[in-house]
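Beneath this line is the structure, given in structure tokens, with notes to follow.
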Amino acid sequence: MNSYNINSTAEEGNDLALTPSQLNKPDNEASLHHDAVFGEISDEGPDYRSVGLIGTAGLMMKTQIGLGVLSIPATFNALGMIPGIICLLAVAVITTWSNWIVGLFKLRHRHVYAIDDAGEMMFGVVGKEFFGFAMWIYWVFVSGAGMLSLSIGLNAVSSHGACTAVFVAVAAVLGFGLSSIRTLARMSWLAWIGVISIMISVIMVTIATGVQERPAAAPQDGVWVSDYKLFNKPSFVQAASAICSLVSAFGGTPGFFAIVAEMRRPEQYTKALTICQAIVTVTYLTIGCVMYYFCGSYVSSPALGSAGDTIKKASYGVAIPGLIVSITLVTHLPSKYMFVRLLRNTKHLASNSAVHWSTWLGCTFIVSIIAYIIASAIPIFYSLISLIGALVGTLMCFQTMGFMWFYDNWEKRAISPKWLSACGWSVFVIASGTLLMVAGTYGSIVDIIQAYKAAGGSGAWSQLHRKPTPDDEDAQWRAQTATALLQDCGITPQAPTSGSSRITSASPSEPKPSVKLPAELYGMIVGYSLHYFNSLRSNGGGQDRIGVADARKHLSDWISGHTRVKQSLKQLETLGLDGPSGWLLQGSLQYPLRNLTSLQLGWETVLDFSRTPLFDISQQCQKLKVLVVLYKLVTTDDLEKACRAWASTLKTLKFDQVAENQDWISKVIPHLRKLKVLFLGRLCYVFVDSINAVAKAEMSLEWISIVDVEGLLLGVQVSNSHGI
């Protein structure tokens, strides 16, 4: 086997020229007229060997720089600032070496077009098929993720001008059309537009994060101090998953085979690689450090939401060209791989024949439609793409290049310290890649299991957790985010099912109604609200956590304007709210909630849409049997009106506090002829006369609990209190 050394005295522009250490020559000599991959290249067909130095650098950067850069601050949050920087630099060094090996391997073996050719040389037919399929499925999933990213961007810019399904379809059509450009040379100028677009967007968010008073997700009152950590204490799986995220950010390595294959002068590959890796690493390091320093644990992932809704819209608007180019490139790469495999060693590969065009357009269409289908139909898409990235992405960025070095250098006759050092480094790359692959895969599987449990055990392929349907909005498919989102928005659901829950009976203990939303309503609220609330974090306080002034109005208008919501609300039987949830009730009250039998309004509930919110609710929820009111803005007038409306249905009632210190019970309770269970908390000031009024009322109470009677914390409880 031959071995080659880098010629340090190579002439200008030929810094990666190969000088044989033995007397033999590389496998194939390069020719601008005949290529070992594409065959005869002429003016009558596409010129597949025409990418220049600058174009190559742009293509390399675009395979790596996307909105994924904005996940790096979250990685720093998991690891801590200093370990995060160290890990980022380590991954940058390893992937730079891996990318360099790709160029060396191509120059030595001119017939190599993609990673499957290298796999065949090292491991035979099995290696070819394994690496070929791994690379293809990797890029198809990345293409699907790109379509979803563009749909989210279009949703953000248009304020949900159309549903996500429409925007994903638009992204797929754009991807198919632009990825059908046949050569990377013609695509290289698009790559630079995409890089500049993403860079400007990222810089906008970074600057806004630095100059704003606090992140959009942080508590909006009190003194704000960033809670960034120099060192964190993640679990092994958390650390491995965070590092795998960094590998994904540098994960363009599999595409570098195709890029160098279309270079006009492959000898300039190292120059282009140096430009690419320097810019990418500095960008990642700057964005990660600055955004994590200013946002701390309140950084969003991706971080476009960290600077608030206005900057988010503006940055997404600037980023849209970059997102389109990302889809174009990552759809082109697997399509070109299929195309080359089908037509290699035929005259049609580099011609303008009908076979050439039909095969090429068929390949781009197949990749586009498969990427669209898996992104739209697989309910656990983001968990699955994390699994694919950990299992396949690391393998193609680390281990494969280590094996490629051994393939070219293992039989070298002269064993030197330099060779031993390179051998040790290759072993380290293979070992570290394997460790990350195993740990990252395990972490991704754990995430999938947790997402399944968060869904209440419903089938991972059930309709509930599928990609949003035409009236659903972005990111419903992120099941693990959905539950936390609803909780931050004031809804406290258990796992939703295809129907809705029931209150089976009132018991002598404190009523704890199960809180479930109909599956369709749950999905629609999650999907629509995620755009407005994706930056929220629980802050443990009672302040308004929305952070977007007009969000509640948007949501209320959305709820009251959709007939499908109306149909879902007809199923709603129990509901618990906590926090600034008025938007949900305000929108819902446009429709009769005929089946609602249990309502709980928590401590932090903010119902600011009316002076008499309980009465407004009673007009649409006429069958209510259980009412738990914990928030303190209840007035006597509102209570009396509501209880009159529920006189013939309400059986369980709990109040913890009432805003007015007067004998409200005498006015309210006697109306409730069906009442069986009554709880009055310590902030419900109860007079002795109030108890007398309860005793005289025409009701058959079975359980009553009174904590405070005229300022005395008596804790009175009476069971089976007939004629109390």
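Using N, Cα and C of the backbone, Cβ positions are placed for all residues, glycine too.
According to TrEMBL, the domain 'Amino acid transporter transmembrane' annotation covers 58-445.
The feature transmembrane segment is assigned by TrEMBL to 78-102 (among others). Long-range contacts of the transmembrane segment (78-102) within its own chain (CB-CB distance under 8 A, at least 6 residues past either end) are made by residues 60, 72, 228-232, 234, 238-239, 241-243, 246-247, 249-251, 253, 256-257, 260, 270, 273, 276-277, 280-281, 284-285, 288-289, 292-293, 397-398, 400-401, 404-405, 425, 429, 432.
The transmembrane segment annotation in TrEMBL covers 130-152 (among others).
Sequence annotations record features per position, and here TrEMBL assigns transmembrane segment to 158-178 (among others).
The feature transmembrane segment is assigned by TrEMBL to 190-211 (among others). Within its own chain, the transmembrane segment (190-211) has Cβ neighbours under 8 Å at 54-55, 58-59, 61-62, 65-67, 69-70, 178, 181, 283, 286-287, 290-291, 294-295, 303-304, 306-308, 311-312, 314-316, 318-326, 328-329, counting only residues six or more beyond its boundaries.
Annotated transmembrane segment per TrEMBL: 236-260 (among others), in sequence order. Here the transmembrane segment (236-260) has long-range neighbours at 51, 56, 59-60, 63-64, 68-69, 71-72, 74-75, 78-79, 84, 87-88, 91-92, 95, 98-99, 102-103, 106, 112-115, 117-118, 135, 138-139, 184, 266, 269, 273, 280, 284, 329-330, 333, 336-337, 386, 389-390, 393-394, 396-398, 401, 435-436, 439-440, 442-444, 446-447, meaning same-chain residues at least 6 beyond its ends whose C-beta is under 8 angstroms from one of its own.
Residues 53-54, 56-57, 60-61, 64-65, 69-70, 72-73, 75-77, 81, 84-85, 88-89, 92, 95-96, 99-100, 103, 199, 202, 205-206, 209-210, 212, 215, 226, 228, 249-250, 256, 263, 303, 306 of the same chain sit 6 or more residues outside the transmembrane segment (272-294) yet have a Cβ under 8 Å from a Cβ within it. Annotation source TrEMBL lists transmembrane segment at 272-294 (among others).
Residues or ranges marked as transmembrane segment by TrEMBL: 314-333 (among others).
Here TrEMBL flags 354-374 (among others) as transmembrane segment. Outside the transmembrane segment (354-374) by six or more residues, the chain places 45, 139-141, 143-144, 147, 168-169, 171-172, 175-176, 179-180, 182, 331-332, 334-336, 338-339, 342-343, 348, 381 with a CB less than 8 A from a CB of the stretch.
Summarising the annotation, TrEMBL assigns transmembrane segment to 380-407 (among others).
The annotation transmembrane segment is assigned in TrEMBL to 419-442 (among others).
What TrEMBL records for 491-512 is region 'Disordered'.
Residues or ranges marked as compositional bias 'Polar residues' by TrEMBL: 494-508.
Stretch with the largest number of CB pairs closer than 8 A to the transmembrane segment (130-152), among 158-178, 314-333, 380-407: 380-407.
Under 8 Å from some Cβ of the transmembrane segment (314-333) lie the Cβ atoms of residues 59, 62-63, 66-67, 139, 142-143, 146-147, 149-150, 152-154, 156-157, 171, 174-176, 178-179, 181, 184, 187, 190-191, 193-198, 200-202, 204-205, 254-255, 258, 304, 307, 364, 367-368, 371, all in the same chain and six or more residues away from its ends.
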